[in-house]
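Visitor: Sharing the feature lines straight out of TrEMBL:
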type: TRANSMEM; residues: B:21-43; note: transmembrane segment
type: DOMAIN; residues: B:22-422; note: domain 'Oligosaccharyl transferase STT3 N-terminal'
type: TRANSMEM; residues: B:91-107; note: transmembrane segment
type: TRANSMEM; residues: B:119-138; note: transmembrane segment
type: TRANSMEM; residues: B:144-163; note: transmembrane segment
type: TRANSMEM; residues: B:175-202; note: transmembrane segment
type: TRANSMEM; residues: B:246-267; note: transmembrane segment
type: TRANSMEM; residues: B:273-291; note: transmembrane segment
type: TRANSMEM; residues: B:303-329; note: transmembrane segment
type: TRANSMEM; residues: B:364-384; note: transmembrane segment
type: TRANSMEM; residues: B:391-409; note: transmembrane segment
type: TRANSMEM; residues: B:415-435; note: transmembrane segment
type: TRANSMEM; residues: B:477-499; note: transmembrane segment
type: DOMAIN; residues: B:548-603; note: domain 'STT3/PglB/AglB core'
type: REGION; residues: B:730-753; note: region 'Disordered'
type: COMPBIAS; residues: B:735-753; note: compositional bias 'Basic residues'
Amino acid sequence: MRSFPLLSSCVAALSSFASAELNHSQPLLSKQVLSGTFTPPQVFKNANLVRTTNLDKSYPRETINVIIENVDSKPQSEYYLPFESSLISNVGGFEAKDKKAPELGNFKVEVVEFDTESTTGFYLIHLPSPLAPKAQRTISITYSLLKSLSPVPAQISQADKQYLQYTFSAYTPSAYVTANQKTKLKFPNVDVPDYTTLPSELNAEKKTDPQRQGSTFTYGPYADIPAGASQPVTVRYESTKPVTHATLLERDIEISHWGGNLATEERYWLTNLGASLKTHFSRVEWQKSQYMNPPTTALKQINIPLAPGVLSPYFVDDIGNVSTSRFRPGARESTLELKPRYPIFGAWNYNFKIGWDAPLSTYLRKISGDSYILKVPFLEGPRMPEGVQYSRVNLRVILPEGATNVKFSTTVPLIDQSTTLHRTFMDTIGRTSLTLSAINLIDDFRDRDLIVTYDYPWTAGFRKPMVITLGMFALLAVVYVVGSVDTSIGKKKNA
Amino acid sequence: MAATEGDQFLKQATGPKTRGLLRVIILVLIAGAAVSSRLFSVIRFESIIHEFDPWFNFRATKYLVANGFYDFWDWFDDRTWHPLGRVTGGTLYPGLMVTSGVIYHFLRFLTLPVDIRNICVLLAPAFSGLTAFATYLLTNEMVSSPSAGLLAAAFMGITPGYISRSVAGSYDNEAIAIFLLVFTFFLWIKAVKLGSMFWGALTALFYGYMVSAWGGYVFITNLLPLHAFVLICMGRYSPRLYVSYTSWYALGTLASMQIPFVGFLPIRSSEHMSALGVFGLIQLVAFVEFVRAQLPSKQFQTLLRALVVLIFVVAVGGLVLLTVGGVIAPWTGRFYSLWDTGYAKIHIPIIASVSEHQPTAWPAFFFDLNLMIFLFPAGVYMCFRTLTDEQVFIVIYSVLASYFAGVMVRLMLTLTPIVCVAAAMAFSQILDTYLDAKTPKVDAKTAENGSSEPAKVAAAAVLSDGLRSTRNPLVGIYSYASRVTVVGFSAIYLLIFVLHCTWVTSNAYSSPSVVLASRLPDGSQHIIDDYREAYYWLRQNTPENAKIMSWWDYGYQIGGMADRPTLVDNNTWNNTHIATVGKAMSSKEEVSYPIMRQHEVDYVLVVFGGLLGYSGDDINKFLWMVRIAEGIWPEEVKERSFFTPRGEYRVDEGATDTMKNSLMYKMSYYNYNSLFPAGQAQDRVRNVRLPSEGPQLNVIDEAFTSENWIIRIYKVKDLDNFGRDHHSAVSFDKGHKKKRAAKRKGPKVLRVE
Amino acid sequence: MAPKNRNPAATQSSTQTVPSTPAAAPKPSSSSTKKPGSGGAYDAQDIVLGIWNKYVEKTPQRVKLLDTFMGFLVVVAVLQFLYCIIVGNFPFNAFLSGFSATVGQFVLTASLRIQTNPENKSEFENISHERAFADFVLGSFLLHFFCVNFIN
């Protein structure tokens with residue numbers, strides 16, 4: 001650890017040198033930074049940039065508030081934000097909005113195609129209105145980085161504290177020149193044993209970085225940082241909490257007009273990404289420690305808040321019901337308290353399935369005639385102080401058989417969507433099902449809604465009774481025919 | 001029983017159609033009662049597969065559903081019996097899995113997305129409904145009173161002897177086999193009565209199905225020939241018997257040979273020889289009869305009879321010779337243990353170690369059959385009175401099954417149907433007699449008042465002439481009082497029977513044994529789910545191919561729930577392999593370690609009930625491991641050395657050194673005493689105080705222990721990095737630790753001693 | 001099938017096999033039938049002749065046809081058995097299914113014969129001749145299905 005700051009400062013110096021040199025010729029057009037063919041045009045300048053990294057939860061959440069200025073001669077509306085390509089696949093919940101006019105909503109954001117060899121990828125932010133030359137605008141960008149915290153040491157004893165390590169660049173990555181910037185780090189507590197110190201020369205105010213203030217560290221301010229510059233910094237802090245990570249969450253929402261029911265089923269593939277056990281799990285130690293209930297890296301309990309009015313919840317895994325769950329219905333909120341079969345320590349997995357019913361009337365409204373509007377949360381799932389990260393969420397909304405003209409809207413960034421037919425329970429044509437996929441979500445997305453509108457003619461509701469009736473009739477007819485045939489043979493025989 | 005009460009007021013209006021409809025309704029209600037009383041386990045616990053064997057059946061069914069029939073037929077399972085593997089497709093009775101597979105695909109065809117697990121769980125109750133129906137049919141063939149059939153169906157539906165093997169979740173071969181057994185018997189009786197090839201062929205078909213479903217088919221294989229043989233001996237040979245028996249045997253034997261697991265057994269093993277012998281005999285008899293019909297000479301008849309006897313003797317002699325010569329396989333061990341209950345204990349400990357192969361304790365008869373055990377002899381006696389062909393069958397069946405049920409707990413199951421039939425016959429006789437509406441003066445009103453079985457009233461009106469009792473002793477039934485008394489008491493007995501069945505079912509037979517239930521002080525139910533906790537831990541947190549060593553009892557469960565390869569399982573086809581595991585468990589660490597390395601064992605799983613007082617744990621089963629291991633390595637494992645000089649089996653301070661050094665002992669008690677204040681460690685199963693110093697483990701590490709310590713999993717260490725043996729490596733590490741620990745804990749330890 | 005006609009018509013050469021009919025299943029019977037016969041040679045010859053004459057006289061044509069078929073089956077079965085003993089039973093499946101096919105067919109035919117024999121009318125009141133034949137066909141179908149399946 002001792003050599004770490006030295007090494008990192010060396011790297012930093014080198015990289016800053018390299019980028020400075022690059023900057024002379026042509027901004028951001030160097031092989032080291034971008035081997036792809038694409039470069040964002042240098043039309044903006046970051047007048048002032050403040051980045052806040054929040055490490056409270058088990059993943060870093062970053063907020064970048066930046067005043068951008070158009071330095072081009074024409075109005076511009078496309079702002080790029082670079083990420084290392086290893087990082088970009090872990091960026092989740094990327095959103096940008098106008099800091100001064102949040103009512104405008106989120107800007108349109110997309111990941112720019114980058115070729116596979118490139119080490120840099122970009123998020124492209126489309127400003128709702130082009131920014132005039134010389135004009136300024138304050139935008140606020142938030143995102144979180146999944147799987148970017150690593151436990152150091154990677155193996156600890158059962159009762160040890162866990163330390164997480166986070167590596168980032170002290171200079172906020174940017175595709176443009178940044179006139180003034182600083183980075184604030186918020187740690188969950190003051191136990192930060194290792195961190196990179198940066199020499200005071202780099203700092204605009206000639207202070208040695210970082211500046212500590214309780215559990216908050218500040219790097220910067222730094223003046224006039226060229227595009228693409230980076231200054232690696234590593235911090236290691238105590239966080240004896242599970243790093244809950246869902247590799248996959250499958251969510252099925254099924255609507256039944258007949259039953260007036262909205263059935264939800266969620267299937268989780270959970271892993272604890274925290275430090276694994278150095279020796280094996282010791283039940284004695286665990287049982288003894290349970291009296292004191294100290295902080296632990298093991299995930300002992302999962303609390304899932306549900307909407308009020310939820311009925312008949314269940315909690316099962318691959319081999320059956322897990323009896324250690326409790327359901328607390330409430331007027332404002334019901335809670336499903338799940339206790340996994342065993343405490344989930346670092347590197348342990350746990351797959352399970354939960355589900356519940358809810359009255360449909362709270363979610364579905366008839367707009368006009370045959371069309372309906374459905375409003376459901378895009379993501380429910382655990383609410384825990386340490387947070388949960390989801391690598392991939394597949395949401396499937398199964399509409400009644402015969403629903404047409406399906407439209408949806410949500411503020412959650414999606415990567416895939418499709419409408420298919422799902423056949424179940426004596427369907428003839430199959431139910432219309434809307435499948436939506438999102439990657440890299442975090443539990444902050446819990447309160448985002450999904451709004452689906454669809455047409456469902458009342459005649460479609462009678463399809464199934466009709467089919468069943470016809471089926472029964474057909475069966476009876478067949479039985480009758482077969483029966484009569486049989487007797488005729490019998491008669492022949494008897495004759 | 002409740003079902004039959006439905007038609008109280010309809011008893012007089014009994015056209016044949018109404019009666020038929022009533023009978024259908026009653027049967028449906030009985031089936032409903034049979035199914036619902038088996039759902040206690042689902043209500044009490046959950047929809048889960050029970051016990052041990054069902055887990056294998058469940059796993060096999062999943063394989064069948066996932067990979068199709070042909071793959072299933074050729075299934076070689078390399079995840080069991082590591083490293084040998086098992087030719088599963090050829091060594092199982094596929095009837096059960098194929099049945100649920102067919103149901104599954106049928107439901108899928110109807111686009112009903114039913115989970116295969118639920119099909120498996122509910123298969124046994126569903127078939128119990130069918131069994132009740134089959135019992136009805138069988139009983140109807142026996143007596144002319146349809147009330148006996150309904151009673152028998154009701155008895156069959158709720159008798160604990162059958163419920164014990166067919167509660168929801170008990171997905172075992174018996175689930176469908178009992179239905180097939182009863183139905184095959186019904187078809188056989190039908191065939192014998194009518195002398196029809198059609199019914200004979202149907203018998204053969206269902207016999208084939210039975211063979212594919214359960215090893216107990218041998219019971220049919222021997223009972224039907226015996227029936228035929230007895231009939232011949234009684235001089236009741238008829239062409240009908242010839243037709244039914246030969247068509248059954250010829251087709252049934254071929255059908256049974258379709259099952260790979262059975263294969264050539266029907267012509268090779270002794271168990272099947274009686275059927276073949278009777279087949280030959282009946283040909284002979286038929287020929288003789290044929291000739292006799294041509295020549296009615298008295299002298300010649302005697303000659304022929306002598307000839308028949310001679311041939312029979314020669315054939316039996318030939319059979320014995322062939323058996324001695326080894327062409328025909330001798331009886332298997334399980335069959336020897338049927339004749340000599342002590343046989344298995346001496347020669348095949350592995351069979352004796354299974355609790356369901358033990359002789360039945362007498363209360364079990366009452367527990368499982370209750371009231372019927374008294375009525376049963378009466379029913380059999382009634383059969384003696386008329387003694388038609390089919391009643392001879394009842395007599396033979398009851399004698400044989402009673403004997404077998406006494407020898408082996410498990411065979412109580414084959415006894416149950418005949419007890420139900422006989423008891424129902426006796427009981428319906430009582431009711432028919434005492435509720436006969438035809439008796440002068442005291443008629444319908446009385447019957448209505450006293451009766452809870454009016455179906456029988458209707459029935460009694462129908463038959464009335466066939467039974468002597470209804471004709472002659474009318475005298476006895478003139479009395480109003482005797483009528484009420486007898487009927488009233490019968491009703492009470494029936495009520496008690498129903499209560500008993502319900503109580504037994506809900507309390508004794510509904511536990512899945514994978515999940516344990518206990519009561520908290522406040523009376524609420526507390527679920528102890530240690531098995532699944534540990535199995536799920538294995539499933540989630542160990543490599544896909546980690547080999548688990550455990551005693552064979554848990555093999556199927558590990559395969560089913562933890563989805564990991566095992567060394568031995570409940571199939572027990574390879575005694576040596578099981579003995580190897582037994583040896584590893586009962587030897588010292590230094591001996592066990594090479595065994596475990598050789599078999600690439602990654603984890604060892606033991607069951608320990610000491611903390612909770614769970615008596616079915618491995619220490620209690622330990623002696624069987626020792627015995628089985630001793631059977632193969634008498635030099636290295638000795639049962640004697642696990643007993644103290646005074647002949648006690650102890651685990652406390654006084655345990656023998658062999659015991660204390662055995663891997664099983666160490667794994668069970670490792671670290672256990674640190675849960676208690678020093679010196680207070682208590683084993684709650686054996687109620688002893690354990691030595692103050694717990695055992696040391698050198699070659700394995702504790703990997704996981706479940707919440708109540710029932711399951712303990714150990715990881716087998718790799719070879720030491722520095723090439724030391726594990727013992728010195730551990731003591732080296734300990735040495736370091738002790739120095740540090742001594743500073744803090746030193747004084748404490750001193751105070752303890 | 002045509003209506004019954006009791007026709008004591010001429011017999012075929014194959015009727016020779018009839019006495020050995022039941023020998024199909026228990027082999028020893030064929031050898032031992034002669035033993036008691038040899039006890040009283042003259043009597044035995046008389047008896048056999050008597051049986052023969054009676055058979056020829058009383059048996060309907062159709063039953064004789066069945067008897068011929070049964071005789072043929074016995075011959076086939078014996079041949080198969082001899083082959084198995086002499087050459088060896090290498091594809092045991094094949095031998096077994098062949099052999100059991102003949103035995104099974106034999107007993108089914110015998111059953112048919114019994115059921116259609118007017119002498120047994122009283123025993124089989126419920127079974128008409130057509131019914132018996134239908135049963136016979138069903139049984140044979142099953143038998144040959146199993147055999148083909150078993151032969152691999």
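The backbone N, Cα and C atoms fix where each Cβ goes, glycine too.
Worth saying up front: this structure is predicted, and the values here are computed from it rather than measured.
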Visitor: Restricting to CB pairs under 8 Å, which listed stretch, B:21-43, B:273-291, B:391-409, is in contact most with the transmembrane segment (B:364-384)?
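Guide: Stretch with the highest Cβ contact count: B:391-409.
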Visitor: Determine how many residues of the domain 'STT3/PglB/AglB core' (B:548-603) DSSP places in helix, in strand and in coil.
Guide: 33 helix, 4 strand, 19 coil
Visitor: Mean pLDDT for the domain 'Oligosaccharyl transferase STT3 N-terminal' (B:22-422), rounded to an integer?
Guide: 85
Visitor: Using Cβ atoms only, state whether the transmembrane segment (B:391-409) and the transmembrane segment (B:175-202) have three or more pairs under 8 Å that are 6 or more apart in sequence.
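Guide: The transmembrane segment (B:175-202) and the transmembrane segment (B:391-409): touching, yes.
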Visitor: Which range out of B:21-43, B:119-138, B:144-163, B:175-202, B:273-291 gives the transmembrane segment (B:415-435) the most CB pairs under 8 Å?
Guide: B:144-163
Visitor: Using a Cβ cut-off under 8 Å, which residues of the same chain at least 6 positions beyond either end of the transmembrane segment (B:175-202) come close to it?
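Guide: Distant Cβ neighbours of the transmembrane segment (B:175-202) are 95-96, 99, 123-124, 127-128, 130-131, 134-135, 137-138, 141-142, 156, 162, 165-166, 209-210, 213-214, 216-217, 219-220, 223-224, 227, 238-248, 251, 389-390, 393, 397, 413-414, 416-417.
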Visitor: Take the transmembrane segment (B:273-291) and find every residue of the same chain, 6 or more past its ends, with a Cβ under 8 Å from one of its Cβ atoms.
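Guide: Result: 221-222, 224-226, 228-229, 232, 237, 239, 241-242, 245-246, 249-250, 253, 266-267, 304-305, 307-308, 311-312, 315-316, 319, 328.
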